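Have a look at the structure below, then the notes.
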Amino acid sequence: MNERFKRIHIIVLDSVGIGEATDAAKYGDEGCDTLGHTGEAMNGLLIPHLAKLGLSNIRPENPIQGVPVQQKPFAYYTKMHEISAGKDSMDGHWEMMGLPVTTPLHTFPNGFPDELIGKIEAFSGRRIIWNKPASGTEIIKKFGERQMKTGELIVYTSGDSVLQIAAHEAVIPLEELYKICDYARKLTINEPYHLGRVIARPYIGDSAPTFERTANRRDLTLVPPKSTVLDFLQHAGLDTLAVGKINDIFSGQGISEGWHTISNEDGMNHFIRLLDRDFHGLSFTNLVDFDAKYGHRRQPVLFGRALESFDRQLGEALPKLNANDLLMITADHGNDPGFRGTDHTREFVPLLVYSPSFTIGRALPVRQTFADIGATVAANFNTEKPEVGESFLNALN
Ligand SMILES: O=P(O)(O)O[C@H]1O[C@H](CO)[C@@H](O)[C@H]1O
Ligand SMILES: [Mn+2]
Ligand SMILES: [Mn+2]
């Protein structure tokens with residue numbers, strides 16, 4: 001096979017956007033800027049490896065605080081528009097793999113219809129409480145102790161297309177929670193629901209102040225309705241290795257091996273171990289703590305510290321890359337911890353593209369869709385091409 005890189009690695013910094021998208025107003029998100037506001041809250045971010053790759057070069061007119069614009073960046077750098085009709089993880093990741101989500105998924109700002117709730121109650125034999133938007137950590141503080149007594153299911157949603165069920169692990173065993181979520185998933189695939197995800201949200205603890213969500217979270221997405229670049233790679237006999245929630249996001253489609261992780265640190269350790277493995281194809285890693293632990297919680301300083309920790313681990317990973325490796329660092333949407341509300345924000349996402357085979361990095365034109373990533377991967381491995389997306393492989397010298 002005549003290919004440029006033997007291994008391509010994509011790392012998705014979940015929700016690390018780089019400033020409002022041109023269509024941010026449509027989402028009520030004017031003024032959002034995840035990286036900018038995080039840099040300000042930190043009085044400067046200490047992320048020397050991302051800096052050297054050229055993170056601030058993406059917007060030299062408004063550099064991220066603490067991240068100097070480089071004279072000689074190591075990576076090709078740019079930002080990407082999202083064309084999907086939503087700003088959730090599924091939209092972002094599917095689009096990266098050549099399948100933008102053009103029919104908007106439905107959201108339920110007033111809660112789910114009685115018909116659906118009734119069916120889940122009948123199936124589970126448990127009553128449902130709340131059934132409105134909420135922050136997941138707040139809702140277990142509010143209703144967790146009650147759930148421990150009654151065994152009711154806490155159902156909540158958000159600005160995303162999600163139905164989430166919070167359940168204390170000692171009251172509603174994991175296996176039972178997963179079964180209920182599976183059932184809810186089947187009911188909500190088609191119209192009138194067309195829901196992006198059902199998420200199992202288990203937690204532990206004795207009382208409200210000690211409640212803690214566990215890594216047994218499971219995201220049940222939709223099966224991609226068409227093949228993605230992951231499928232094309234798999235059909236071509238290449239490895240498609242998924243770290244973190246990638247496997248869930250694609251419902252396992254086109255993924256040869258997948259591993260759940262418990263934290264960003266665990267995800268990066270896993271990625272670093274994969275670099276020691278002689279595989280042929282794609283590694284695809286999602287680091288969700290930025291989003292789940294800090295973005296939705298609107299904690300800019302903790303968000304910033306998580307970026308600094310990531311950067312330290314990136315420093316361990318970079319020397320393990322060789323000339324046959326291509327690394328792309330990007331994000332799936334924004335989630336500005338300095339913004340109002342608790343939802344994702346419609347932003348440009350950064351794209352840093354690095355290989356030790358490059359002599360120097362340069363600016364790439366702003367990408368019109370995240371699908372350019374998938375198109376580039378497909379071009380590199382000479383597989384079937386996605387319908388959407390333009391490869392930038394030839395721009396990399
Ligand atoms: O508040 P928590 O439970 O973290 O939920 C958040 O996580 C969901 C999935 O990313 C989002 O839709 C938002 O609701
Ligand atoms: Mn996400
Ligand atoms: Mn999120």
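Residue positions begin at 1 at the first shown residue.
Cβ coordinates come from backbone N, Cα and C, glycine included.
Since we're looking at a predicted model, the values are computed, not measured.
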>> According to TrEMBL, ASP291, HIS296 bind Mn(2+) 2; which one of HIS260, HIS270, HIS344 is annotated to that same site?
In response: HIS344
>> Any of the binding-site residues ASP14, HIS296, ASP332, HIS333, HIS344 with a C-beta atom under 6 A from ligand 1? Give them in order, or none.
In response: HIS296
> Among the binding-site residues ASP14, ASP332, HIS333, which have a Cβ atom lying under 6 Å from any atom of ligand 3?
Replying inline: none
> Taking only the binding-site residues ASP291, HIS296, ASP332, which have a CB closer than 6 angstroms to any atom that belongs to ligand 2?
Replying inline: ASP291, ASP332
> If you take the centroid of the Cβ atoms of ASP14, ASP332, HIS333, the listed Mn(2+) 1 site, which other residues of that chain have their Cβ within 8 Å of it?
Replying inline: VAL12, LEU13, SER15, VAL16, GLY17, ASP88, SER89, GLY92, HIS93, ASP291, ALA331, GLY334, ASN335, HIS344, VAL349
>> I need the CA-to-CA distance for ASP291 (Mn(2+) 2 binding site) versus ASP14 (Mn(2+) 1 binding site), whole Å please.
In response: 6
> Judged by the number of other CB atoms within 10 angstroms, which among HIS296, HIS333, HIS344 is the least packed of the binding-site residues?
Replying inline: HIS296
>> Averaging the per-residue pLDDT over the domain 'Metalloenzyme' (6-385), what integer do you get?
In response: 97
